[in-house]
Amino acid sequence: MDWNPELIEEVRKNRPLVHHITNVVTVNDCANITLSCGGAPVMADAPEEAADMTRLASALVLNIGTLNADQVETMIRAGKAANEKGIPVVLDPVGAGATTFRTETAKRLLDRIRICLLKGNAGEIATLAGGSAQVRGVDSERVEGEIRALAAKAAREWDVTVVVTGKRDLITDGSRWAEISNGHPLMGSITGTGCMGASVLAAFAAVSPDPTRAAVSALASYGVAAEQAAMQANGPASFRTALFDALAALKGETVRERARVDEGRL
Ligand SMILES: Nc1ncnc2c1ncn2[C@@H]1O[C@H](COP(=O)(O)OP(=O)(O)OP(=O)(O)O)[C@@H](O)[C@H]1O
Ligand SMILES: Cc1ncsc1CCO
Ligand SMILES: [Mg+2]
């Protein structure tokens, strides 16, 4: 896949406005990671204004981490506004598989809105693909079967690019796949590295015509930054701080040197 290791430089030049409707746990981290990669964050989930805010934005993130019925309706309205404007929508189906409400909501959003990137952990994606998985709260505990096949099935069913995070990140549009082995185990020691990944994906998709290639650039950049942050860190809290610093300082040429990406066709 012909992906651009230096796409972060385009993000910085364009400073895309990324509208988030997201959870109350990691919202501040999502705003800051958007800034660190060169985008501009805005969080707006009031039903009175959400769609208007989307119309000003260059990408929309929908994250169901602390969902409620009213927020889901707002997400649908904002999603439709994004589709009308033609900007990418990133869906993070947090906790799909843990409760019926989360699973059904994620499917409803996929059915009602044209999603560009569906990003979750293995348990969340396997659940949406109709596979057997165990999701405990927001964590993926167990997946039966081949995650690449399940991700490709979800990609074809909803005509989206699917991103499965974990020790290695998998990206597939149902015909192409890429696997990124950057990142660091410390990413699993703080909450929200998945949510922040969605913000980075949205900022990169906003400046690229091909969401699949943009996703490779985004997660390679995020993973390389995490490796650099880990070198400065003494534990979870200092890692979190160092991650913002490392992504803000990251050069495209460093991504070109350090990215570890395998790819192929399904
Ligand atoms: N052991 C690991 N080695 C390298 N990278 C990792 C590891 N664990 C997680 N990551 C990275 O951390 C990020 C989040 O992935 P993860 O699958 O943990 O998301 P998540 O479960 O949705 O997280 P959260 O719910 O806390 O936001 C991804 O970018 C992934 O590559
Ligand atoms: C811990 C947690 N609970 C709901 S959302 C969230 C953030 C990580 O997904
Ligand atoms: Mg998550």
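Positions of Cβ are set from backbone N, Cα and C atoms, glycine also.
What TrEMBL records for this protein:
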| type | residues | note |
| --- | --- | --- |
| BINDING | M43, G192 | substrate binding site |
| BINDING | K119, T165 | ATP binding site |
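Recorded features from TrEMBL, shown on the structure.
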residue	record	Cβ within 10 Å
M43	substrate binding site	16
K119	ATP binding site	31
T165	ATP binding site	27
G192	substrate binding site	22
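Separating the Cα atoms of T165 (ATP binding site) and G192 (substrate binding site) is a whole-number distance of 12 Å.
It is 13 Å from the Cα atom of G192 (substrate binding site) to that of K119 (ATP binding site). Rounded to the nearest whole angstrom, the C-alpha distance between M43 (substrate binding site) and K119 (ATP binding site) is 19.
Ligand 1 lies under 6 Å from the Cβ of the following binding-site residues, listed in sequence order from M43, K119, T165, G192: T165, G192. G192 (substrate binding site) carries neither a helix nor a strand DSSP state and counts as coil.
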